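J.: Below is the structure I would like to discuss, written out as structure tokens.
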Amino acid sequence: MKLKELGRLTYAEATTLTVLLIALGFWIGGSYVKPTPISTMAVAFMALSLLLLTGALNWDDCLACTFAWDTLFWIAILMSQSKALTEKGVIAYFAEGVSSSLIATGMPPVGMWMLLLIVYVAMHYLFASQSAHVAAMYPAFLAVMLRCGISRVLSAMSLAYIGNTMTAMTH
């Protein structure tokens, strides 16, 4: 009923839907393209370019979404910081030091697992963004848990679950 009131898709809506489906296809399958995989960022720029070239979106519309540009700017900075921490070896150093210390205590794996989950949650308050926290700390905590002898599935799934649960616990 409501769809009938809205009427047929406009040119801009149909174009946007088509571009979205194309982008989704490239996001899902772009890594399988040989010899050079298509990066997700290239797909995003392609989609934006198509929307602008077809007239489904104009540059004034883009500029009017200041909150989106603000979000993009800060997420880019936070994700770059997380990547730099990983590339410079800070995360690996942390994982090595923590796992060695935990193993030396003689604590059973279940105790180490619970302690690491508590620390993982507590550390999320040191990050301005949950995305940055997960990008930087998930691999480190996963490496620590695996090195401490905790099950791969339990480690990966519990960190993923806690990472999603922290969204509701954020100030």
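Using N, Cα and C of the backbone, Cβ positions are placed for all residues, glycine too.
Feature list, courtesy of TrEMBL:
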- 12-32: transmembrane segment (TRANSMEM)
- 38-57: transmembrane segment (TRANSMEM)
- 110-128: transmembrane segment (TRANSMEM)
- 140-162: transmembrane segment (TRANSMEM)
J.: Same chain only, please: residues at least 6 beyond the ends of the transmembrane segment (140-162) with a C-beta under 8 Å from a C-beta of the stretch. Say none if there are none.
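T.: Residues 91-92, 94-96, 98-99, 102-103, 109, 112-113, 116-117, 119-121.
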J.: What else in the chain is close to the transmembrane segment (12-32), if you only count residues 6 or more beyond its ends and a Cβ gap under 8 Å?
T.: 38-40, 42-44, 46-47, 50-51, 54-57
